[in-house]
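Asks: Handing you a structure now.
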Amino acid sequence: MSAIRPEEISSLIKERIANFKSEIEVVDVGTVIQVGDGIARVHGLEKAMQGELLEFQNGVMGMVLNLEEDNVGVVIMGPFRDIKEGDTVKRTGRVMEVPVGEALLGRVVNPLGQPIDGQGPIANNGFRPIESPAPGVMARKSVHEPLQTGIKAIDAMIPVGRGQRELIIGDRQTGKTAVALDTIINQKGKDMICIYVAIGQKQSTVANIVETLRKAGALEYTIIVSATASDPAPMLYLAPYTGVTMAEYFMYKGGHVLCVYDDLSKQAAAYREMSLLLRRPPGREAYPGDVFYLHSRLLERAAKLSDDLGAGSITALPFIETQAGDISAYIPTNVISITDGQIFLETDLFNAGQRPAVNTGLSVSRVGGSAQIKAMKKVAGPLKLELAQYRELAAFAQFGSDLDKATQARLTRGERLMEIMKQGQFDPMPVEKQVASIYSATRGFLDDIPVAEVRRFEKEMLSFLDSNKPQLLEHIRTTKDLPDEKEFNAAIEEFKKGFSVTR
């Protein structure tokens, strides 16, 4: 064995000393002084900012919501059972961010952007903070492009445009989710990205929705953000912001996005739970004072951007669940005042077989005709008027049997219009067929058809036009206007002659 020379050792030690770099990582560290119910109070983080992410000793993340004199109130984003008093908490200096990008399409993620569908990790195009300012006045453009839902009652009377916020409100089990799923399925081939945010739903329900969209071929352009009923309140609170953040990535690239929040009542309840645990003063219905801002800052991020910014859009369909049809409660009135209209679904109509159960009297779109094609505007005008007159007369007709001919004719027409507004679930209809269907009803072609036969008449008439007079439907599709009325009437008359009423 060769002997080690002392000069070699000394030169080696000198080299090591010269190359030594002392790296000191300075972090703000605080101590947990109280923990429970998903909330922790942390002492010693005076420099923490509102909305900042903190890291607990066991790796679980938390978000600062309360800044108090001697401690900060933190909501915990994960299991809080292992966190105990005396644990250390580090500041990260970062706010909450989620991954964005095309790779998220077709995937199911939680509000932190982590995949929960068992299909492996997701490559992303970077991260965006979940709280970002809404586009300003000059960055916006008025809503003028229709977003076809494929549902006759909505596209004709309560039209939705790209960049609009349209509230869907109703009791539980009135078909709110069905309306949203039909709308998502109808966006196939229309260059739209869809984001479905499930807030406080059962896991089985979310699994059914994923399967429904997959079967319809709609999952490939849809992202599902799911905060289920078993998730902690902060996850339910974050889910809608995660959804709109992912949507903004596409909007600012000039894309068009449909964002469905199902439903915001559960988000408000989760926020109320967090606020009460953080000892914030309660207001009406025990909601905190800033519950209006909770929803307004979310829904204001839906916009139609100006041409200078790429003319992209986010259309928001927020859901609110009412109790026994009470739309004058706190959260419903808040969201009605924030949105550009509401679609009111009614239990009585649903139980009477009128599905989708849209109450056309209480529903409204504040964008209106500017979100409709010319042909639909022409046929929808008489439809709204006739249905309003029918509703008025139907109330009186219950009391008296002696009705004059004009009143009887109105009631007859109204019954058939109500029947033609019915539609099967997951069966969205292209706009040209909607126009043909409503045209036949408002022009009196159905007046002598029994109500029970109206749906069959409609189905067979549309397939007749498809196979024998495709140029009429093609004209509506391409020019967005009605074809020559004489030709249209003659085609419907020709079909009607061959239509046999079953006795």
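Just so it is clear, glycine is given a Cβ too, placed from its N, Cα and C backbone atoms.
The following feature annotations were taken from Swiss-Prot:
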BINDING   GLY170, ASP171, ARG172, GLN173, THR174, GLY175, LYS176, THR177  ATP binding site
SITE      SER363  site 'Required for activity'
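What's the neighbourhood like for these features in this structure?
Replies: Within 10 Å of the C-beta of GLY175 (ATP binding site) there are 19 other C-beta atoms, taking all protein chains into account. Under the three-state DSSP scheme, GLY175 (ATP binding site) falls in the coil class.
Secondary structure at SER363 (site 'Required for activity'), as computed by DSSP, is coil.
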Asks: Give me the sequence-ordered set of same-chain residues, not including GLY170, ASP171, ARG172, GLN173, THR174, GLY175, LYS176, THR177, with a C-beta within 8 angstroms of the centroid of the ATP site's C-beta atoms.
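Replies: Counting only non-site residues, the set is GLU321, LEU345, THR347, PHE350, ALA357.
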Asks: Just to be sure I understand the packing, how many Cβ atoms besides its own are within 10 Å of the Cβ of ASP171 (ATP binding site)?
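Replies: Its Cβ has 18 other Cβ atoms within 10 Å.
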Asks: Pop the Cα-Cα gap between SER363 (site 'Required for activity') and GLN173 (ATP binding site) into the table, whole Å please.
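Replies: Cα to Cα, GLN173 (ATP binding site) and SER363 (site 'Required for activity') are separated by 18 Å.
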Asks: Counting Cβ neighbours within 10 Å across all chains shown, tell me which of the binding-site residues ARG172, LYS176 comes out on top.
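Replies: Of ARG172, LYS176, the one with the most crowded Cβ is LYS176.
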Asks: Find, among the recorded positions listed as THR174, SER363, the one whose Cβ has the highest number of other Cβ atoms within 10 Å in the structure shown.
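Replies: Of the recorded positions THR174, SER363, the highest Cβ count within 10 Å belongs to THR174.
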